[in-house]
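What Swiss-Prot annotates here:
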type	residues	note
TOPO_DOM	1-10	topological domain 'Cytoplasmic'
TOPO_DOM	32-37	topological domain 'Extracellular'
TOPO_DOM	59-71	topological domain 'Cytoplasmic'
TOPO_DOM	93-116	topological domain 'Extracellular'
TOPO_DOM	160-163	topological domain 'Extracellular'
TOPO_DOM	185-201	topological domain 'Cytoplasmic'
TOPO_DOM	223-234	topological domain 'Extracellular'
TOPO_DOM	256-270	topological domain 'Cytoplasmic'
TOPO_DOM	292-298	topological domain 'Extracellular'
TOPO_DOM	320-340	topological domain 'Cytoplasmic'
TRANSMEM	11-31	transmembrane segment
TRANSMEM	38-58	transmembrane segment
TRANSMEM	72-92	transmembrane segment
TRANSMEM	117-137	transmembrane segment
TRANSMEM	139-159	transmembrane segment
TRANSMEM	164-184	transmembrane segment
TRANSMEM	202-222	transmembrane segment
TRANSMEM	235-255	transmembrane segment
TRANSMEM	271-291	transmembrane segment
TRANSMEM	299-319	transmembrane segment
């Protein structure tokens, strides 16, 4: 019974495993030209659905209300979309001499290029009791920035790997990402009261569509006899991903708790999660567009598929530790505050 409850709670993780297993058993269903016609249903309809859904769910009023914390927002966005990918690129120059599968290493670079997620960083920040408004702003604003910056970063670091012309990539991004997102925001203005009252399961809808994208991506992998993923590379990538997450969480903690940083303990909590978390919901569709038709797309996607559950797992484990630190710091501030 407890196992069923756990599976119900983590249904998306179970879904990823089942999607990959299903693709392994019968890859012909989800390949290009197959019964599912992913070149249409996934490349256009599924991706557009995810971003229309994002447009409906993103609360623009919360973006404007949190604008005053400019220093905090700059820190998070620069760390996420500049420092993170640049550091990963330098790290990969060292890893390139190892026997790790080169396409998994390229996949690590794509992780670095991704924007923050819309949900997980906010959920964990709230669980600790950190600056939730800042987390909401940076998750939403980072998603908007990511629509433009992430494809540019992917082309900057991995441009030679993509067989799709630059103009083709951005025209498809515009039609399947920007337009649905804007339409979603416009529709939201007219049905905002209904959305607040009914609270549709936006996360579950996007996650379900995402499972279809993951399934078809791995159908391409398993239908290609030239692709072989060795277990040694996979285990090393798993270790590297957890190491990267821990290192960057520690780094953001050190930077944001310096005496002259100007950040409160609650700000630090938002910084730790928002700066180090990466979006799977936005990332996989973007990889599908930027690397459309690429025979190694699924291998490139593997690190991001690992990073997503890893960041939730690691964040959840660290919630009690970070919370006790934040509470003790806040008590310390109150004790040192002069009484009148």
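Each Cβ is built from the backbone N, Cα and C atoms, and glycine gets one as well.
Scored by C-beta pairs under 8 angstroms, the transmembrane segment (202-222) has its highest count with 11-31, from the stretches 11-31, 72-92, 117-137, 235-255. The stretch in closest packing with the transmembrane segment (117-137), judged by the count of Cβ pairs under 8 Å and taken from 38-58, 72-92, 235-255, 271-291, 299-319, is 271-291. Helix, strand and coil content of the topological domain 'Cytoplasmic' (1-10), in residues and according to DSSP, is 8 helix, 0 strand, 2 coil. Most Cβ pairs under 8 Å to the transmembrane segment (38-58), among the stretches 72-92, 271-291, 299-319, belong to 271-291. Away from its own ends, the topological domain 'Cytoplasmic' (185-201) comes close to residues 55-58, 60 of its chain (Cβ-Cβ under 8 Å, at least six residues beyond either end). Taken through DSSP, the topological domain 'Extracellular' (292-298) splits into 2 helix, 0 strand, 5 coil. Through the fold, the topological domain 'Extracellular' (93-116) approaches residues 76, 80-81, 84-87, 138-139, 142-143, 145-146, 149-150, 153-154, 157-158, 161, 229-230, 232-234, 236-237, 240-241, 244, 274-275, 277-279, 282-283, 286-287, 296, 299-304, 307 of its own chain, all at least 6 residues removed from its boundaries and within a Cβ separation under 8 Å.
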